[in-house]
Amino acid sequence: MRNLSVVTEFILLGIPHTEGLETMLLVLFLSFYIFTLMGNLLILLAILSSAQLHTPMYFFLCKLSIFDIFFPSVSSPKMLCYLSGNSRAISYAGCASQLFFYHFLGCTECFLYTVMAYDRFVAICHPLRYTIIMSPRACVILAMGTSFFGCIQATFLTTLTFQLPYCGPNKVEYYFCDIPVMLKLACADTSALEMVGFISVGLMPLSCFLLILTSYSRIICSILQIRSAEGRHHAFSTCSAHLTAILLFYMPVVLIYLRPTPSPWLDATVQILNNLVTPMLNPLIYSLRNKEVKSSLRKVLHQLGFLPEQLQREITNWHFNHNS
């Protein structure tokens, strides 16, 4: 990547219209960030420590938890740093790295949600062939493929943004370096690049969303053919968490990148939801409706000393009586 810029650093101005609220935002966002890290680490420990969770669905959920740890870590530490009164400056290379890793992790998660929808499609529509189709080798290839194509997409978008000359203004009207705000600072005509970026950023999630929609339309048709109400309920429950997570992931993407007239304050608010709140909610979404994950989480919490043995027995007995 050739650097034509005379700008050596950028100044992050933060979330628009929040002057004087730095302390409140610091406490709020730090709480979100800590809960995000703790929740996803617990999900990881629960999956890794339970042999019954070593299946394709939980393998992909494990990777999602890893990315949900790194995704908010791209922008949150720097934001928390300047909210606590430290410098708002970020180097040219640091800004480019933020943009690359943000889109690498975001694009990879987008592909990963698509793969998880395919996994549910195979499990419900082709249950007898599930272990053959979703073999360990196939799962590893699919997982590596999501990262590979995410890296290609992020490299393209980062190169597209930073091949422009930045020779004057260096104040980023945002809390991290992203494509729309960086293009405003370029010392060149960016109209063509804005269109290319819009098409690139728009086509990738749209294609993934259509594939997910296709998978779930087939899944719903198969579920409706199940005769027993209990069977239908179980099939729906395995998909509801994934559908909820997909909606939480795609709504911010549409609001930020696919609107014709951007709004800095609205974009920042939605981006916070996307960066911090959604990764924080994913562990809750995937554990609340999943008995296996909840059982493994209780064991992990007990081993870590957060759940007394007597309370664990009472919860286990309650679930047994409730399910009976």
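Glycine is treated like the rest: Cβ placed from N, Cα and C.
Among the features that TrEMBL reports, transmembrane segment is placed at 24-48 (among others).
Residues or ranges marked as domain 'G-protein coupled receptors family 1 profile' by TrEMBL: 39-286.
According to TrEMBL, the feature transmembrane segment maps to 100-118 (among others).
Annotation source TrEMBL lists transmembrane segment at 139-162 (among others).
What TrEMBL lists as transmembrane segment is 195-214 (among others).
Marked as transmembrane segment by TrEMBL: 235-258 (among others).
Tertiary neighbourhood of the transmembrane segment (195-214): same-chain residues 107, 110-111, 113-114, 117-118, 153, 156-157, 160-161, 179, 183, 246, 250, 253-254, 257-258, selected by CB-CB distance under 8 Å and a gap of 6+ residues from either end. Regional average pLDDT for the domain 'G-protein coupled receptors family 1 profile' (39-286) in the model is 85.
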